[in-house]
Amino acid sequence: MGFLSKIVDGNKKEIKRLGKLADKVLALEEDTAILTDEEIREKTKSFQKELAEIEDVKKQNDYLDKILPEAYALVREGSKRVFNMIPYKVQVMGGIAIHKGDIAEMRTGEGKTLTATMPTYLNALAGRGVHVITVNEYLSSSQSEEMAELYNYLGLTVGLNLNSKSTEEKREAYAQDITYSTNNELGFDYLRDNMVNYAEERVMRPLHFAIIDEVDSILIDEARTPLIISGEAEKSTSLYTQANVFAKMLKAEDDYNYDEKTKAVHLTEQGADKAERMFKVDNLYDVQNVEVISHINTALRAHVTLQRDVDYMVVDGEVLIVDQFTGRTMPGRRFSEGLHQAIEAKEGVAIQNESKTMASITFQNYFRMYNKLAGMTGTAKTEEEEFRNIYNMTVTQIPTNKPVQRKDNSDLIYISQKGKFDAVVEDVVEKHKKGQPVLLGTVAVETSEYISNLLKKRGVRHDVLNAKNHEREAEIVSNAGQKGAVTIATNMAGRGTDIKLGDGVEELGGLAVIGTERHESRRIDDQLRGRSGRQGDRGDSRFYLSLQDELMVRFGSERLQKMMNRLGMDDSTPIESKMVSRAVESAQKRVEGNNFDARKRILEYDEVLRKQREIIYNERNEIIDSEESSQVVNAMLRSTLQRAINHFINEEDDNPDYTPFINYVNDVFLQEGDLQDTEIKGKDSEDIFEIVWSKIEKAYAQQQETLGDQMSEFERMILLRSIDTHWTDHIDTMDQLRQGIHLRSYAQQNPLRDYQNEGHELFDIMMQNIEEDTCKYILKSVVQFEDDVEREKSKSFGEAKHVTAEDGKEKAKPQPIVKGDQVGRNDPCPCGSGKKYKNCHGKA
């Protein structure tokens, strides 16, 4: 209780502080009102000039804090002249919280878009770029078009970044003072910028300040979804088909156990025996059968934990994911780790090839790279701990401009879903008769269609808004507040929509919101309630629940069931009890806690790859930006030679065999016969290094002479190709390691620590392989340059999607044609060890 009161007190103190600063802004209203349009723009130029002379980011921020009242007053005056609207004091307070790098929680209809204009203008003055981020391209386009009028009036430029834009158009959009974009497109542009071969192909500037609209949706709900650019992997789909047939044969409890609370499913001993017989293996859990067990587990997840028309839909022979937080389908996105293919096998549609990850990043790690991050939403307080721990952001609840008049009624709980839905329909019919508009919220497509059929039977005209007819969303939502309107919507109605009341509706009680089930997240329930009672309008809300709802089943409705039976309650009699509502909220908190733990765990694992990604991208960028790559190559040649000497030469051996070392040197650095054992026999390691190094220098000089002024371009191309090839393989290897690492806990090992240690070892091996490949190709390649080749710029950046098979196939840049010796993975290792290449120096 003490912790909660501290949060409440903290919010009160912060509101008081914001209020005082907002008063300073409002006090300048008369002074700014007398300025001419040109004088306002001159103020902008003056601020920009002052900031341009300050190089240090911290000192720039101090200056922005100093000019905040004057800058915000200018935006208020500009808004008054351009839109005939002036931000209220509470909006100014929200704008100050955003400038601080925090989250402004503002209720629906309180004008978040106008609130964001003040911190956007202020921070754009620094000239480092401000990204205003929305959840979809429709909102980015409409907001940038509308707000550009204000920013242009104030003397700032605005860019719009869309998936369909070309490289040039994207670069231009990012070069503006303010750039509107979706979170997806920003993440993909970052990844693509780190896959280019030439500096001029990059589109982004360094990440400075981002303001995220619907911040909880992007940083919490989508935190576990990685952005992935991938290419097609050559893998057979037959195992998916076999695993699907096997999963269909299994019986619950006998062959597998399913935990409804955690949604975990795994084979029993009997199920494992069946699998061994079906797949003809001796020990299912043997390391060599990891692919089989992986496919079986994935097929089980597809059959047991995922439901059609709830978690995904099948449209025109294609499996589309349904976003659990918006109810929308997500074309282009695919479940990763083979789950999408398992669902395709389950549904009998064409199984698409798996994809190989070429680059990936989670939103958690992408957004933490900004110098300053802020956001706004109607619902964030319930997740404040996560925002504080992971993003170092505080949630400030901004007061409403007018008091909230919506009445939130307590939940009604029924024994069965049939009893619940019958009661819902009766409530809708009654409200519809008097003309009160009703918004019915459901958690799944199938529920919305079921209620729709019940209402049709009662002759109630209504609209249905779900993933199957989302194209009419704007039209349906615009009519939802009209007299007599009945709208059934999945969670998708909760985002980016503002339902305005029609004539005479206020007198009828405003918009009535009816929830047909509690979502596992309290925020989603709050969003549904928030559709009603905007800007001081009247309204009411109520949730109808049943003991058969998923949340109730997962978190123990047995006690309630027994109590209702003991009281002799039938299906038509509900319980209306604060105790029950508290129990539901407690269940939601547990789910939220589980989800937070899962996101935290993902971040801990992803931190390993984040550090490695940073090293690789920094190295790539240094190579691209460097005029001279010979120093990098020289360092690689020296370290590779030194490693070989450390590995092959044992000075304590009285009768050493130099053959493996000579074979390795001739294979990686020199031509056959260039190094003889007589030259190094009896020499110590330092002498051997100098002897071989002089030969390497000679070989390098010959290559330089052959290539002339093309040498630097050739080296750069080889370096980038080596890095990209091995980095892509490394991501794949790390992904495989991560998929099976949790099994280590059964052996009393710490999976995270093992992942960190083994990931570090794999990274070291990859770096060595990059160096070795670079040495070999630079010294031993026969090079021919194509005549009159112009650099071909990528025409569009619109190919990357979430985990799709076509991603990452960017047009190749003109590069030297390399004719080098290739060693097959199963060939004998050239070092002479007698091992296969993949188990020796080809190890990745």
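In case you wondered, yes, glycine gets a Cβ from its N, Cα and C as well.
Swiss-Prot annotations:
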| type | residues | note |
| --- | --- | --- |
| BINDING | Gln91, Gly109, Glu110, Gly111, Lys112, Thr113, Asp498 | ATP binding site |
| COMPBIAS | 793-813 | compositional bias 'Basic and acidic residues' |
| REGION | 793-825 | region 'Disordered' |
| BINDING | Cys829, Cys831, Cys840, His841 | Zn(2+) binding site |
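Annotated features, which come from Swiss-Prot, shown on the structure.
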residue : record           : contacts (Cβ under 8 Å, 6+ apart)
Gln91   : ATP binding site : Glu110, Gly111, Leu114, Thr115, Met118, Asn401
Gly109  : ATP binding site : Asp498, Arg534, Gln535, Asp537
Lys112  : ATP binding site : Gly94, Ala104, Met106, Asp213, Met376, Thr377, Gly378
Thr113  : ATP binding site : Gln143, Glu146, Met147, Asp213
Pairwise Cα distance maximum in Å, ATP-binding residues per record: Gln91, Gly109, Glu110, Gly111, Lys112, Thr113, Asp498: 17
Position of peak Cβ density within 10 Å, selected from the binding-site residues Glu110, Gly111, Asp498: Glu110
Gln91 (ATP binding site) - helix vs strand vs coil (DSSP): helix
8 Å Cβ shell about Gln91, Gly109, Glu110, Gly111, Lys112, Thr113, Asp498 centroid, ATP site members excluded: Met106, Thr108, Leu114, Thr115
